[in-house]
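K.L.:
Mind looking over this structure? Questions follow.
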Amino acid sequence: EQRPLCNECFICDRSGDPRCLCEDHVPQCHEGCHQCEKVDTRSGTTMYQCRSFEYYDCAN
């Protein structure tokens, strides 16, 4: 199973499977996201952010 990659992890738990609260703004939340929120950006482009504690691969 390939997990989404998070570039800006807000909180990361690396014990066992890495899990994090991801701060990335994306065009569409991944299908496993349980709490997807719309984010208004400075450019006016509508983006989304997954606000649930998910199994991400932490890039940082």
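Yeah, the Cβs are placed from backbone N, Cα and C, and that goes for glycine too.
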K.L.:
Have a look at Swiss-Prot and say which candidate in C22, C36 forms the disulphide with C29.
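P.N.:
In Swiss-Prot, C29 forms its recorded disulfide with C36.
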K.L.:
According to Swiss-Prot, which residue among C6, C20 is joined to C12 by a disulfide bond?
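P.N.:
In Swiss-Prot, C12 forms its disulfide bond with C20.
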K.L.:
According to Swiss-Prot, C33 takes part in a disulfide bond; indicate which of C9, C50 is its partner.
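P.N.:
Between C33 and one of C9, C50, Swiss-Prot records a disulfide, namely with C50.
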K.L.:
Inside 10 Å of the Cβ of C50 (disulfide bond), count up the other Cβ atoms and send me the figure.
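P.N.:
So the Cβ neighbour count for C50 (disulfide bond) comes to 23.
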K.L.:
Through the lens of DSSP with three states only, how would you label C22 (disulfide bond)?
P.N.:
strand
K.L.:
Of C6, C29, C50, which is closest to C20 (disulfide bond) if I measure between C-alpha atoms? They're all disulfide-bonded residues.
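P.N.:
That would be C6, nearest by Cα distance.
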K.L.:
So which disulfide-bonded residues out of C6, C12, C22, C50 end up within 10 angstroms of C29 (disulfide bond), measuring C-alpha to C-alpha?
P.N.:
C50
